[in-house]
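In TrEMBL this protein carries:
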{"type": "TRANSMEM", "residues": "12-29", "note": "transmembrane segment"}
{"type": "TRANSMEM", "residues": "334-350", "note": "transmembrane segment"}
{"type": "TRANSMEM", "residues": "357-377", "note": "transmembrane segment"}
{"type": "TRANSMEM", "residues": "383-408", "note": "transmembrane segment"}
{"type": "TRANSMEM", "residues": "428-448", "note": "transmembrane segment"}
{"type": "TRANSMEM", "residues": "460-483", "note": "transmembrane segment"}
{"type": "TRANSMEM", "residues": "520-539", "note": "transmembrane segment"}
{"type": "TRANSMEM", "residues": "841-857", "note": "transmembrane segment"}
{"type": "TRANSMEM", "residues": "864-887", "note": "transmembrane segment"}
{"type": "TRANSMEM", "residues": "893-917", "note": "transmembrane segment"}
{"type": "TRANSMEM", "residues": "937-958", "note": "transmembrane segment"}
{"type": "TRANSMEM", "residues": "970-996", "note": "transmembrane segment"}
Amino acid sequence: MKLIKIAIKRTIVTTMISISLLILGIFAMRSMRTELLPDIEYPVVKIITHWSGASAEDVEKQITNKIERILPNVEGIENISSESSYENSSISVEFNYGVNIQDKVTEIQREVFQIKNDLPNSAKNPIIKKTEVGAGAITLFLTFVSPDKKALFSYLENYVKPNLETISGVAEVSILGGTKKQLQIQIEPAKLASYNLTPMDIYQLIRKSSMVIPLGSLMNGREEYVIQALGELESVEEYENILLHSNGDTLRLKDIANVVLTEEDPLNLGFNRGKPATTIAISKSSDGSTIEINEKIMKAVKNMEETMPSNISYFKVFDSSESIKKSINTVGKSALQGLILASLFLWIFFKNKKMTLIVSFAFPLAISTTFILMKGIHSTFNLISLMGLAIGVGMLTDNSVVVIDNIYNHIQEEKNSIEAAFIGTNQVFSSVLASTLTSIIVFLPIIFTKGIFKEMFQDMVWAIIFSNVAALLVSVTFIPMLASKFMKKNIIQTEGKYFSKIQRKYQKFLSISLKHKKKTVLISLLFAFLIFGIGGKFVKFGFLTKQDYGYYSVIAEFQNGSDFEKIQELRNEIETIIKKEPHTKSYFSIIQKRNGTISVNVDVGFKEKRKESIFEIVKKIRKEVEKIPDIRTTFFYEYAKGKPKKDIEFQIVGTDLETIQILARQIYKDVLKIKGVTDVSSTLDSGGKKLEIIFKRDKIQSLNVSIKQIEETISYYLLGGDRANTITIKSGNEEIEVLVRLSKDNRKSIKQLENLKIKVADNSFINLSEIADIRKVENQLSIDKINRFYSVSIYVNDGGIGTQKIQEELIKIFSEKNKDSSIQYRWGGDAEKMQRAMKELMLTFLIAIFLIYALLASQFESFLFPFLVMGSIPFSLVGVIIGFLITQHTLDAVAMVGIILLIGIVVNNAIVLLDFIQQEEKESKNKKEAIEKACNLRLRPILLTSLTTIVGMIPLSLGIGDGSEVYQGLGISIIFGMSFSTLLTLIFVPTTYYMLTSIFSKKL
């Protein structure tokens, strides 16, 4: 081959190209954006609409239903799911992977705009945006403390937040644990009625008294003047002195209302180590680099210290970039350790410094080339791409070992080093190329298909493909060039006593197997079927294994409407338990009254500094926290400020909400009894109490007043005005909302609601109780729908038995309880992702098998020969099952990538082995002797290529370091799959070949 000849003859060119690749690789690596996970664009569009004060039922009828009806006009929709809750409508529109999601956002915006006038006037405009992984992810929590809470919140809201929002990559800055200022016009119904006024009258008077209208310009001679009217009210005093009327007695606003500069009702509260604090949560955009963003944020806050009031202090309580750096370093260390171990094994087998060093030089060159190619496709430097590189490290030497070993054989035949380098490389080029292509070709289905599996793992796939391409180029250019210069005729290589022992035992065992070929093949096949049939049932399956990053969250759910003192007691109880745990370094809490949650976020330090894993710590905390009455808790291995998703979402879907709720309650009770599930919850939860106003319509009609007027009056009394078009007063840089409402003390009892004054047609006022009845009922927390059918969801987390087994139990319970064929079930959460991933994996697996078959059939010009080569694949899967049974690790999506990889690499040994067997057959009359000789010759390179891959995976499989759990399964699948495949391939493949060629009396 010309390329090999040029590389050997033009040594300076080869050397300069190699050095250039090394330098460019370093620059490429340093310039890649670092993230924990790759950029994933989920084909989901969210439509969020806020309607102040509206119940879940009203939100569903007036907003959600109307938007859902027009969505089918948009093409390519896969699913529509919606949640209608107090004040909020949230609709998720899911499309097929591969669509241009930004185009779909535009289409939905166009459709929603057409029905804008059909939505409630007081509702905010719908927010329509695409969903991306990483977008909205919290990257930093900063806690601020000050004795003056009002001044602190004002400083954060008007100075810190705006400054941080200008930083590139920052998507949102949320202030948790503080309240905004409000100018409240606190009215009394009786006093208003005595002056023949309603809250709407007051609100409109205030609006008219503080309006800004463009007035145009005026030409005065040759000069033009822009005209501006200073119509806005700018102080509390100006509001107090608004003139209501002056027919006889002058009546001002202060005469009938209290004008108070106060705070809005608190919806969330923050605490650090049990003491009140205000926390800022910073979320990143999808294209923002977490590490860069956090560095810029901390620098910006540091610069603010000069102007920061002296009584304000701050500190960092969570920085996700630290976890990312730690995780990336862990994978990098694992790859480096794998490289060192692989080099050590080369030395053990070669027993020659020059040969070991030549092959070891392949590592940095191939890795640098891989980084250049990864940079070319704009890949990020993330956990997934690094895993691909770590896998590549184990495989990088395979081709080089085959090449260097064959060059050595030719040098031993008294050829000069240049001739040996060329002939030795050229002779194995076709098998090396075939081996590389099989390793690459199995991943092509992932690259060219669409779905969650591709989105998550394409960075890893590209890293593996590029590292294999780089390794092939290095093995046929750089390696023979070095071999021609440094490997001479007098090179001495000792086999080593360990390899000699292995070789003797292998020869003996192979001879017995060939003698009893039918028994050997039968026993091997029975063993494989036994493991598949029995062992496979005990393997745990899941989507992604939970990771130990050194922090966790306790989300405690309490009933909406709970007394604030009771909520504080619950928080104190949880924090007391957490504080007693020796590993606890720090913790901070967030109470969100609207969500009905207490989030306690706990830092227990990095993994290597603890004796116990995060999972063991959480197990102890869970046991104590679950003893607290009146709350339901969920544990997550990440920081949270709300309700993160759980492992499994079991959705019960039907046309009648009440019917599916009854069924869901029955199923929920049985789910609590399943051993191995934790954190069970559902959307059946009550949203606290609700007051329903039932109008006396005949009485209302006789008074000549409309329902709309009555509802509007109640809304203004309680909410404070038109919340979609608020009035504001400016104070410095601060915009303060102006509300006309009852004072807090007048919004505390049902009696006060009944006594609200309603104006009727004759300008008289009556109490609300005269025209309506008020009753207490259970409040519906949310109304959920999937594709416009009602749904109730039951959520569970995996407690260690695997999501697949939990799914089986849920299906069993559903089948026993459900007697209505119109009610169906669906999956959500990780269970749904796992289901999709399994379908995509199966398709990928089948296409990969066919592509390998097509490649082998083309290479060997035979339809039967590929089946023999591919006989090693089932044994690799046997090894995978055994590996996961022994380690009790979850076989997750990352481990499945390892299985696909195995399909490509386990056939490589069989290709090389059978290729040599056929070559020996041409020179020998005795088939058995030819097989034994070929197997003996290829034993060392087969063991070397397999062991370097296996050894390179050992650091990954040990699960050492922060976040290592995510790739531990990958290491396990490759180590056990390769080990069993190699051992059985060395016996099963030649024995099967011998048996089949003996039966058919011809070459396959």
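A Cβ is built for glycine as well, from the same backbone N, Cα and C atoms used for every other residue.
Panel annotation: around the transmembrane segment (334-350), residues 356, 359-360, 363, 386, 389-390, 393-394, 397, 401, 493, 496, 498-499, 940, 943-944, 947-948, 951-956, 960-961, 964, 967 of the same chain, lying at least six beyond its termini, place a Cβ under 8 Å from a Cβ of the stretch. Remote same-chain residues near the transmembrane segment (357-377) are listed as 18, 21-26, 28-29, 31-32, 339, 342-343, 346, 350, 385, 389, 392-393, 396-397, 400-401, 404, 459, 462-463, 466-467, 469-471, 473-475, 478-479, 482-483, 486-487 (criterion: CB distance under 8 Å, separation of at least six residues from the stretch ends).
Of the two recorded stretches, the transmembrane segment (970-996) lies close to the transmembrane segment (520-539), with three or more CB pairs under 8 Å once pairs fewer than 6 apart in sequence are set aside. Packing against the transmembrane segment (841-857) from elsewhere in the chain are residues 434, 437-438, 441-446, 449, 453, 863, 865-867, 869-870, 873, 896, 899-900, 903-904, 907, 911: each is 6 or more residues past its ends and has a CB under 8 Å from a CB in it. Between the transmembrane segment (428-448) and the transmembrane segment (864-887) there are fewer than 3 Cβ pairs closer than 8 Å, counting only residues 6 or more apart in sequence, so the two stretches are not in contact.
Proximity of distant same-chain residues to the transmembrane segment (893-917), defined by a Cβ-Cβ separation under 8 Å and at least 6 residues beyond the stretch ends, is recorded for 387, 391, 395, 398, 402, 428, 431, 434-435, 438-443, 446, 453, 456-457, 460-461, 464, 543-545, 833-834, 837, 841, 844-845, 848-849, 852, 856, 865, 868-873, 875-877, 880, 884, 930-931, 934-935, 937-938, 941-942, 945-946, 949, 966-967, 969-974, 977-978, 981-982, 985-986, 989-990, 993.
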